[in-house]
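As recorded in TrEMBL:
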ACT_SITE  E146  active site, proton acceptor
BINDING   G191, G192, S193, I194, Q195  ATP binding site
TRANSMEM  474-491  transmembrane segment
Amino acid sequence: MYTIQQDTSMHYGIVIDCGSSGSRVYVYSWPTHSGNPHDLLNMNQLTDQDGHLISKKVSPGLSSYADKPSEASEYIRPLLDYAAKYIPREKHKETPLYILATAGMRLITERYTQKEIMSDLQTDITKLYDFLVAENHFEVISGKLEGVYAWIAVNYVLDKFSHVSVRLPGESSSSPLHTRRRTIGMMDMGGGSIQIAFEVTNPVTELPKSLIAEINLGCQDSDLDHTYRIYVTTFLEYGANSAHNRYEELLIKNSLSYADPYKGKNKTNAIHDPCMAREMPVVKEIHGKKYYFKGTGDFNKCRKILVPLLNSTILCHQNPCSMNGIHQPDIDHDRSKFYGFSEFWYSTEDVFGIGGTYNHDKFQTESEEFCKTSWSKLQKRYKKKLYPKADNDRFSNQCFKGAWLATVLHEGFKFPEDYKHLVTAQLINNKDVQWTLGALLYRTRYLPLRDIEKLNGQVTPSYHSVPSIFANEYLVILCIIIVFASIILYMKRLRLCPQNDLQRVPSMSYFMTGDNESEPGLKKSSYYL
């Protein structure tokens, strides 16, 4: 049994990520804020006494309750029961709880069903637990907002938001000090979608409203040190699994265009697939029909066939574009640095063992060699446990997924093959980086205001005698006005209630949705999170 550390200076927050395949709870903690308005909260994922991260997952996804929304809260309860054990009971009422749904719930086309599920959570969870909950704590967030949260989390863990005053090399002593660190770009390829996010530092760069997020991580609206302008976009059905499905349909379509009506209908007349290991046989049912495939293991041909799936030839309304006609501002490939997660890590590390700093030539060589090796030989190696990090699905699809990763990176996002500043990663500084950390950091950014006000309140006032009794009367009136103004200002900024503090955060979704655009699960009129 885990023993809760009784530390009254610690604060806690809970975020549940409701994804397509399941929901996972994360618990974070942070000490009392320093009182310096330029400092962010020192937030970390909570660990148990053995150093294991506090996290628990349940399956399937929340979207599976579309036909039974009244059972949604019972589905979430095991996660909250688990999280509650690690937070001191007296801290529950001040612990913010967020239940944020992503891909699976976004695919529910009926907005009413989304609302029913969230309404059930809002009604029941608040009765069962004492955690701090506001109406906007339970939401279906857009893919772009998820991308921004991931960008925040990555740069926070890499300490890119801790500004130190420095003078750049070559500058004179009279030059102003620079306090902002260069931030990191982020790419994440999942099974269904790809996200990319990076800071746009050129103030004259004109970007479509739907592709930009302007955020302030500081606790004060005037904080320019933590104000960022981020390009972010999501490509649905460009994830590794979705792309594989589209690729197989393309293969079938191309095969049927030939005169042979029996192509792919039996083993002896299988469809040749360059994106599978050589001689690898696969039988799949697609749209109710059975098809036979046989790998030819040609990695370069595979990459060439995959290019049309990027949809790069579609009309680009604002140059330059990456994929699907989506504008992407120029990236300084000499000075920028990116981290790649999920499929970027799995495709480089699980089979090849070359995760970390990405090297195109090395990845290309490993991929070519793997794909052209006979499937029977690869199976023998696999049975000898020469690939301990790869499960059967990873091993079987490595040839395709490696090719898709390289195609998206170089032909899609236009990174040169000699780019030296991409790091594929699962952990950063031994920390499991999740977008949930970024979500909590942003949504609780006003909380330090209380500690700052307390610190300012410790200043001893000075008094000066005024020779005139009339001056004293005016001084009293002035003091009363100042006191009332201070109270009104204090109530306005802190709202006296933690719940209202958390509601003050401007919604990034507002900045990322065009005048006539909205995304499934995103309420266009929601200006506050």
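Placement of Cβ uses the backbone N, Cα and C atoms for every residue, glycine included.
Computed from a predicted structure; not experimentally measured.
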### Message
Cβ neighbours within 10 Å, counted over all protein chains: which one of the binding-site residues G191, G192 has the most?
### Response
G192
### Message
If you compare CA-to-CA distances from the residue listed as 'active site, proton acceptor' to each of the binding-site residues G191, G192, S193, I194, Q195, which comes out shortest?
### Response
Q195
### Message
I want to verify one value. Collapsing DSSP to three states, which class is G191 (ATP binding site)?
### Response
coil
### Query
What other residues of this chain sit with their CB within 8 A of the center of the CB atoms of G191, G192, S193, I194, Q195, the recorded ATP site?
A103, G143, D188, M189, G190, T234, F235, L236, Y238, G239, S242
## Note on the structure
Going by C-beta under 8 A and a gap of 6 or more residues, the same-chain neighbours of I194 (ATP binding site) are M187, D188, T234, F235, Y238, G239, V408
### Query
Which residues, sitting 6 or more apart from S193 (ATP binding site) on the same chain, put a CB under 8 Å from its CB?
A103, G143, T234, F235, L236, E237, Y238, G239, S242
### Task
Enter the number of other CB atoms within 10 angstroms of the CB of the residue listed as 'active site, proton acceptor'.
26
### Message
Let me check the 10 A CB neighbour count of Q195 (ATP binding site). How many other CB atoms are there?
### Response
25
